[in-house]
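Participant: One structure, pasted below without further comment.
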Amino acid sequence: MDTTVPSEKVIIIGLNTGQANYEYSMLELAELAQANHMEVIDRLDQSLDRPNAATYFGKGKVEELTQFTTAEQATTIIANDELTPSQLANLTEATKIRVIDRTALILEIFAQRAQSREAKIQVQIAQLQYRLPRLHTAANQSLDQQTGGGAGFANRGSGETQIEMDRRVIQKQIAHLRNELKEIAKSEETKRAKRDRDTIPTAALVGYTNAGKSTIMNQLVERFGVSSEKKVFEKDMLFATLDTSVRQLTLPDQKRFLLSDTVGFVSKLPTHLIEAFKSTLAEAASADLLIQVIDYSDPHHEEMMATTDETLRQIGIENIPMVYVFNKADKTEVSFPTMEGEDRVIVSAKQDSSIDLIVKVIRQHLFKDYQEATLLVPFADGHVVSYLNEHTNILDTDYLPDGTKLRLEIAPEDLHRFQKYLLTE
Ligand SMILES: Nc1nc2c(ncn2[C@@H]2O[C@H](COP(=O)(O)OP(=O)(O)OP(=O)(O)O)[C@@H](O)[C@H]2O)c(=O)[nH]1
Ligand SMILES: [Mg+2]
């Protein structure tokens, strides 16, 4: 259980420009704050066509916000949109308390959750890039503190030099971290994984955070994985997974595939984060099939699907076939497990027959190029028979005087490889 006591009292603020998912994005912002161990005490909204360039909210509303935060003894304000450096500075100046935006909040959560060296570096890069254009605001704030008020002319000059220095330091750090990421990519383990991907079909679990991707991965690994392989972390929280894990699964008829589980999405996922996590998400980009997992019990699941599609597009993942797993049906009135059309299943991840149905839909898409064929392998090529026994679905075996006759289901690459044994009847 999470026993962290919230230390920040937060007021969330949002600008309603008439966008369809406004209400939902505010609810989600509150959830994100809770995920970051903050206590949301209230919210303030304004309807405007577009944000005020200087202060996000309009002038009158900023005054209201200031009174509001004082009256409620709030410690922090979180804006639903990414604030420009000057909006951030001006709002901080007006309210005199900590102001952050949705982007900074998501970055903080990611920073807490990152476990592997790779995830940690990726988050650090995103955080540094977020800070880079906002250095002068931070510098102004510290100058204000030093001089007990607005910065004088003399100070401003030295402040700017300081900013230049800070900027160079940060750029160096980013370059250094990028190099480190490259080293990780070159490691033996990463290369081995890539080799595997080239020879075995790959499916990737994608979708909104908390939809149940890792749970499905674990259920599949338990039934079809190598017994020694570790389970992945699954938990009822936003962004439980920040790394990509890949597991090899072998179905009872010897069909093998790689399954990857990766970081979940959320609406308005910061661009810097998407950029920074590209290498993690590259796993999905190279997949033969995407399995989009959806929390069907969430009333906002359609918005979540739209966000997932949008995020995939931003990462540059297009034109990969996709199947849809509507999960958590046990929390709805809908009957399950059921299949709708060729590419949709309604399931509950912790139920065995649901897992069977998920496997069925994966199978139909991932192995649709597999063919039935009959091969005659001379006894001298015994190693080929062993390979086929291990890697293909043998339907029938016959021992003839000139070799082993196998009727089997086989991947197109393997069929090509063993073409010389092909029997045409
Ligand atoms: N009731 C119910 N709970 C489920 C189901 N599938 C998963 N859960 C729960 O939902 C929570 C989130 O599951 P995860 O598998 O961690 O979700 P995820 O999609 O990997 O989330 P991120 O890693 O944050 O992207 C966990 O508490 C699971 O036990 C389901 O079919 N029914
Ligand atoms: Mg997960």
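Every residue, even glycine, has its Cβ placed from backbone N, Cα and C.
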Participant: From the ranges 136-166, 167-197, grab the one TrEMBL calls coiled coil.
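Facilitator: That would be 167-197, the stretch labelled coiled coil in TrEMBL.
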Participant: Out of Gly207, Ser214, Thr241, which binding-site residues have CB atoms lying under 6 Å from ligand 2?
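Facilitator: From Gly207, Ser214, Thr241, counting a Cβ under 6 Å from ligand 2 as near, the near ones are Ser214, Thr241.
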Participant: Quick one: of the binding-site residues Ser214, Ala240, Asp243, Lys328, flag those whose CB is under 6 Å from ligand 1, and say none if nothing qualifies.
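Facilitator: Near the molecule: Ser214, Ala240, Lys328.
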Participant: Under a criterion of Cβ-Cβ distance under 8 Å and sequence separation of at least 6, what residues of the same chain contact Ser348 (GTP binding site)?
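Facilitator: The list for Ser348 (GTP binding site) reads Asn327, Lys328, Ala329, Asp330, Phe336, Pro337, Ser354, given in order along the sequence.
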Participant: What does the structure give for the C-alpha distance between Val263 (GTP binding site) and Thr241 (Mg(2+) binding site)? Integer Å is fine.
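Facilitator: So the Cα of Thr241 (Mg(2+) binding site) lies 5 Å away from that of Val263 (GTP binding site).
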Participant: Mind checking which of Gly207, Asp243 has the fewest other CB atoms within 10 A of its CB? They're the binding-site residues.
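Facilitator: Candidates: the binding-site residues Gly207, Asp243. Fewest Cβ atoms within 10 Å: Asp243.
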